[in-house]
Amino acid sequence: MTTLLVAEHTNSALNEATAKALTAAAEMGGDVHILVAGKDCGAAADAATKLAGVSKVLVADDAAYEHQLAETVGDLIVSLAGDYDAIVSAATTNGKNTLPRVAAKLDVMQVSDVIAVESADTFQRPIYAGNAIQTVQSTDAKKVLTVRTASFAATAEGGAATVEAATPAADPEISSFVGEEIAASDRPELAGAKIIISGGRALGSEEKFNEVITPVADKLGAAIGASRAAVDAGYAPNDWQVGQTGKVVAPDLYIACGISGAIQHLAGMKDSKVIVAINKDEEAPIFQVADYGLVADLFEALPELEKAL
Amino acid sequence: MKILVPVKRVVDYNVKVRVKADGSGVELANVKMSMNPFDEIAVEEALRLKEAGKATEIIVVSIGPKQSTETIRTGLAMGADRGILVQTDDIVEPLAVAKVLKGIVEEEEPGLVILGKQAIDDDCNQTGQMLAALLGWAQGTFASKVDLGDSTVDVTREIDGGLQTVKLNMPAIVTTDLRLNEPRYASLPNIMKAKKKPIAEKTLADFGVEATPRLKVLKTAEPASRQAGVKVASVDELVSKLKNEAGVL
């Protein structure tokens, strides 16, 4: 069998999510080809050729693919799908946006958010915000799946795939890119960070959030996350939200500060290797999943932590 | 312009679901059911567009068992005009749901279909995108802002790392993210009024759709549980454990 893996990238660089989704694709068995659709995306395609186990990289370099619009990239994937037994992408916002569109056009029921590959047609996926894990077998001839990157290690480099140009599909001309606001930051990206420090409602304000969380994050080289309560209260921006409806992360170290541990938040971080909880309420449910719990006022504990590091 | 809003009856957001001991699924007997929270946001957005004079009629549709009528009534009590129930006791996967919705769209010809980005039971996040694909329409998924023009709609989307705005030709599909709006509560007079609003009843066969699942569920299990660790007495002890015991610093 041959699998087409749709790359997550920024045109100039390949996102690590691709290497993680590749691990899942490889576990299905058979050959893996990577599709890099973008504009001036040679650098991303080049990085894709180096991933171990990839035999071919298809490059569709066209203005229509610059911003990963689902309407154009979806049609491109559909035009290539005939040669493949499975189509896989990371469950990033791009993957979640585009792949169901591809699945519907191929009359396939997609398997979303795969966390384990049991065989070429059988997968595990979380339902009810991770409160239950379903094992599903796809009966469709072609498989379409998105992969939860937090559940798979990145495939290392060591490959030398050939590059082939893919013919762009006709642009349906029903949507266009207007603009984007991407927060510029030197911090690691939340989804791929080794260490994450997250703040909850107990921070009390945006100022306090920045005042006590940021210095510790700087010291640790950590990404910053937040609970939904903190985001809804305006203490932290939307894209910092960790949880069922935000990002699902699995860093080596997750430090939850002033987060009570609502089930929806736990769904987003409970696969972290080591969890630290700092909370003044010793009954907070977050302590039930924390490897190390510190019952303390975070406005005292965090500055102290920053000094101790 | 009509707006179509599909809504799903799901286990209430606040219920802690339990996996059945025999691994055949989750316990749904005697569990509180509600409208999927993302769908409430979809209904609210449609209502706001109508209140702004940009839409004339809001149709709420649900596909599911007879009790889904309650979910439709919730939408009508919020202010939608009429409902459609496609009644079935079968499990209907997103692909089949999208096919039924396509049939309804062809009958009703709405200018917008607004859906929740995902249902909080199966967490699939597929239906809106699949419906857009089947109709050949543009899609604005994970919307945090919807700005309606004359023949286009600008949708601001929550994407990894920030926000993206796209312009879509209408008719179009929008799927809602959490921060698009805060849904209203239905007032008592509106709940009473909703009882008189019409709900048309249909079946899957009316749309020529078969519900036979494409995904065979082999097993449903509890997730691996995490054991509570130790409490540390001080920041120094914490740092020392992270360095020496856990080895993550």
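Quick reminder: no glycine exception, Cβ is built from N, Cα and C everywhere.
TrEMBL lists A:3-181 with the feature domain 'Electron transfer flavoprotein alpha/beta-subunit N-terminal'. Mean model confidence for the domain 'Electron transfer flavoprotein alpha/beta-subunit N-terminal' (A:3-181) is a pLDDT of 97.
Marked as FAD binding site by TrEMBL: A:R201, A:227-228, A:241-245, A:258-265, A:N279. A:Q241 (FAD binding site) falls within a strand when secondary structure is assigned with DSSP.
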Fewest Cβ neighbours within 10 Å, where candidates are the binding-site residues A:R201, A:H265: A:R201
Which same-chain residues, if any, lie at least 6 apart from A:Q244 (FAD binding site) yet have Cβ under 8 Å of it: A:A129, A:G130, A:I263, A:Q264, A:H265, A:A267, A:G268
